[in-house]
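Trainee: Structure incoming, see below.
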Amino acid sequence: MVNIGTHVSSSKSLDLVFERGKEVEASSIQFFIRSPRSWAWIERTDEEKERFLQKKNEYKIHPLVVHASYLFNLASFEEELYKKSIESVIQELKLCEELKIDYYVIHAGKSKGNPKKQAIDRILRAFEEIFSRLNLKNTTFLVETLAGQSGEVGATLEEVYTLIEPFENEKIGVCLDTCHIFASGYQINTDEGFNSFKKELIDYNLLEKTKVIHCNDSKAPFNSKKDRHEHIGKGFIGLEGFRIFLNDDDFNKLPFILETPKEGDMDRVNINLLKSLIK
């Protein structure tokens, strides 16, 4: 059985993510542990953490994935933002460890017009500091593939490899996003394009490092460098692209987590549609 889940709200109390996942029949869930568009940090009470861990055992939804705030930029050339991003990532990862979260997914950073090589060097220094200050035991740090807008680092598999290769002894891996890789120039919705993408993933030794797939169609066309998520089958990737992924013997062992627009009962609709594509 392929594991298909979705991103859920963690508003009001973190432990409510389990009920919200169950409501849409999600096998796995992803959520934020702070507002994705605010630097504000809420200290969680011991009672809230205990409720979360109790429900984790009760609901058996697995894996649990936390997505980093969108405000972080570990490639920033603005020193204040750079340091604030590092400290905030560490803050989030400490809570992930306490809550026994399986995976922490992050957009590594944006160069925003600055030289890409220097941006990569700044991300590597940030990663080095993060890993030197934490001893991750429960949570694996995942670098997400990105679409390439605003000088995003991680829009090619070569860049992703460059970011994680120096830390092979750490708990680090990859999160593939179908919308992002399609928008960045990998034509994953044809057999030829998918096979070419998978070969490159293997060549960079990233297939075995891939732990989570963000399952999103794309509102923007192939190679657009635009990050615009769409409901499954309603975008430029189309059903065939997801059918190929879901029936691949390597990828169908991984969790497929939706990040599609939150509209009515569309999470349940998208989950059931993905299930229908499995042979």
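Heads up, the Cβ atoms here are built off N, Cα and C, so glycines get one too.
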Trainee: Taking Swiss-Prot at its word that His67, His107 bind Zn(2+) 1, choose the one of Glu25, Glu43, Glu129, Glu144 listed for that site.
Mentor: Glu144
Trainee: Of Asp102, Asp121, Asp177, Asp191, which one shares the Zn(2+) 2 site with Glu144, His214, Glu259 in Swiss-Prot?
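Mentor: Zn(2+) 2 site check in Swiss-Prot: besides Glu144, His214, Glu259, the record includes Asp177 out of Asp102, Asp121, Asp177, Asp191.
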Trainee: Compute the C-alpha separation of His214 (Zn(2+) 2 binding site) from His229 (Zn(2+) 3 binding site), stating it in Å without decimals.
Mentor: 10
Trainee: State which of the following binding-site residues has the fewest other Cβ atoms within 10 Å around its Cβ: Glu144, Asp177, Asp227, Glu259.
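Mentor: Counting other Cβ atoms within 10 Å of each of the binding-site residues Glu144, Asp177, Asp227, Glu259, the minimum falls on Glu259.
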Trainee: Work out how many Å separate His107 (Zn(2+) 1 binding site) and Asp177 (Zn(2+) 2 binding site) at their Cα atoms, rounded off.
Mentor: 11
Trainee: When DSSP states are folded down to helix, strand and coil, where does His180 (Zn(2+) 3 binding site) land?
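Mentor: DSSP assigns His180 (Zn(2+) 3 binding site) to helix.
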Trainee: Just the number: how many Å between the Cα atoms of His229 (Zn(2+) 3 binding site) and His67 (Zn(2+) 1 binding site)?
Mentor: 16
Trainee: Name the residue among the binding-site residues His67, His180, His214, His229 whose Cβ has the smallest number of other Cβ atoms within 10 Å.
Mentor: His229
